[in-house]
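Scroll down for the structure; my scribbles are underneath it.
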């Protein structure tokens, strides 16, 4: 027990601050204190800061030596690039043709500010389209070009002014000619219609005795009224009325069969329309030919009537009525056919039936 205590006292000891330290019995040097944790961290921090400052110092030295050269080289390159001239029309440079004339006609910057004088002249010719004095602007910055023309004398200025006025007035003159032609055509058609309906002699006598202003206003309204009357589709309204009352009138059941009304498909909104698409040429031809057809029908069906006006009027009414009846019947049959339409299965029997049906229709037509 005493040996162990003496061995421990010889290997460990206390320093001046009372901390336990290890003592080497063979070492004759004075005892040194071990550093504390705080001192160790402080030394490491000082070492890190000194290393970082040294790195920044070397970096600053390196940057300071290279930045002026790089900046000067970049500035020199940009200056040389801006000094070069690129034509934005033909994409040529001043090195391609040293004798070419250059111009800077707008506010553009960079490579688009320069252009050949000949190229910009061709560009202006394309934009003016033969109209000298027309303003032309830059397609990039919309700056109006300053175009200077030489003074050619008062005669040329006067001729240019007259040409410009004629160019602006011609569209209105052309429109007036077209309107005037249509007007006098309508007047002529109205006069011919009056002589055709009333009679040649009676029509001439009536127009000679009438006031000229009445003729100039009344005659052109005849074709207009005929066209407006042709556009009224009274057949559709009559057909709709007959459909509502067909079941109450026995004779109408034969012409307007109602057995298809019980179809479930008709109760929906998928009912085919009654009105056909309007054709402008058909309306115009039918309206303008109506007086001639009415005169012919009057001479055929009402030859006993002495008055030419009454005979033509009755013939027109008969033609409109008969034509309307056939049209109503045709529309009704088309309506029935559309309502009874079916899409069949794609089978051999249906294909053969469909082909026979198509061949029969082609033979009839």
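Cβ atoms here come from the backbone N, Cα and C positions, even for glycine.
Note: TrEMBL annotation is automatic and uncurated.
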The annotated transmembrane segment range in TrEMBL, which must be one of 128-148, 212-232, 233-253, 254-274: 212-232
Annotated transmembrane segment segment (source TrEMBL; candidates 165-192, 277-304, 305-332, 333-360): 165-192
The domain 'RING-CH-type' (79-148), counted residue by residue under DSSP: helix, strand, coil: 20 helix, 8 strand, 42 coil
